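The block underneath contains the structure these notes are about, expressed in structure tokens.
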Amino acid sequence: MFRRAVCPGSFDPIHNGHLDIIERASRLYDVVHVAVLVNPSKKGMFSVDERVAMIEEITAGYGNVKVESHQGLLVDYCRDRDIPAIVKGLRAVSDFDYELQMAQMNFGLTGVETLFVPTNPTYSFQSSSLIKEVAILGGDVSHLVPDLVLRRLTERIAERSSQPTKP
Ligand code: PNS
């Protein structure tokens with residue numbers, strides 16, 4: 001049997017906590033799809049194509065990770081590719097309520113299962129939005145993101161700060 005799973009998210013940008021879950025999933029499944037979900041109402045720091053390109057480069061060494069973007073329902077992404085399982089990391093109890101709601105909604109829609117992986121405690125405080133906030137304010141996030149992401153983050157912040165501010 002060929003086992004597939006998806007690790008979905010916004011990944012704006014991917015950080016070490018995400019990567020830990022993707023790497024662990026890649027040891028459990030034959031193919032792990034990383035789906036970068038497009039949220040048209042949210043303008044990210046990185047375009048969806050930039051996020052996909054970073055994740056592709058960072059996960060290339062795993063050998064069984066396929067990265068794609070998707071606009072629309074996650075259950076449709078899974079159904080179109082015959083993916084029976086969604087793998088999500090749980091950082092803390094505070095994640096659980098919302099994650100359980102999404103898992104139950106997704107199961108009710110198409111029967112796709114969600115498997116929760118406890119986040120490695122080293123990464124349990126990490127979130128893309130906090131990492132961006134700290135980096136924008138000049139804090140060191142080098143221990144929280146892969147080197148490639150650190151470089152892109154630094155470049156993006158420098159580009160933004162060199163743009164003239166609107167009155
Ligand atoms: O990294 P995030 O923002 O916590 O990921 C949330 C994400 C993208 C996995 C979730 O919002 C999602 O699945 N969005 C796709 C649209 C969808 O299927 N919505 C119904 C969820 S029950």
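The backbone N, Cα and C atoms fix where each Cβ goes, and this holds for glycine too.
Per TrEMBL, the feature ATP binding site maps to Ser10, Phe11, His18, Gly89, Leu90, Arg91, Glu99, Tyr123, Ser124, Phe125, Gln126, Ser127, Ser128, Ser129. The substrate binding site annotation in TrEMBL covers Ser10, Lys42, Leu74, Lys88. According to TrEMBL, the domain 'Cytidyltransferase-like' annotation covers 6-133. Taken from TrEMBL, the feature site 'Transition state stabilizer' covers His18.
All features noted in TrEMBL, drawn onto the structure.
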residue: Ser10; record: ATP binding site; CB count, 10 Å: 18
residue: His18; record: ATP binding site; CB count, 10 Å: 25
residue: Lys42; record: substrate binding site; CB count, 10 Å: 8
residue: Leu74; record: substrate binding site; CB count, 10 Å: 22
residue: Lys88; record: substrate binding site; CB count, 10 Å: 19
residue: Leu90; record: ATP binding site; CB count, 10 Å: 16
residue: Glu99; record: ATP binding site; CB count, 10 Å: 16
residue: Ser124; record: ATP binding site; CB count, 10 Å: 14
residue: Gln126; record: ATP binding site; CB count, 10 Å: 21
residue: Ser128; record: ATP binding site; CB count, 10 Å: 23
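Considering only the binding-site residues Lys42, Leu74, Lys88, Ser124 (ATP binding site) has Lys88 as its nearest partner by CA-CA distance.
Residue pairs drawn from Ser10, Phe11, His18, Gly89, Leu90, Arg91, Glu99, Tyr123, Ser124, Phe125, Gln126, Ser127, Ser128, Ser129, the listed ATP binders, are separated by up to 18 Å at the Cα level. Taking only the Cα positions, the spacing between Lys88 (substrate binding site) and His18 (ATP binding site) is 9 angstrom. With a CB cut-off of under 6 A applied against ligand 1, the binding-site residues Ser10, Leu74, Gln126, Ser128 are reduced to Ser10, Leu74. Mean pLDDT for the domain 'Cytidyltransferase-like' (6-133) in the predicted structure: 96. Of the recorded residues, Leu74 (substrate binding site) and Gln126 (ATP binding site) place their C-alpha atoms 23 Å from one another. Secondary structure at Ser10 (ATP binding site), taken from DSSP and collapsed to helix, strand or coil, is coil. According to its DSSP assignment, Glu99 (ATP binding site) is helical. Reported as a whole number, the C-alpha separation between Ser10 (ATP binding site) and Lys42 (substrate binding site) equals 10 Å.
DSSP assigns Leu90 (ATP binding site) to a strand in the three-state reduction.
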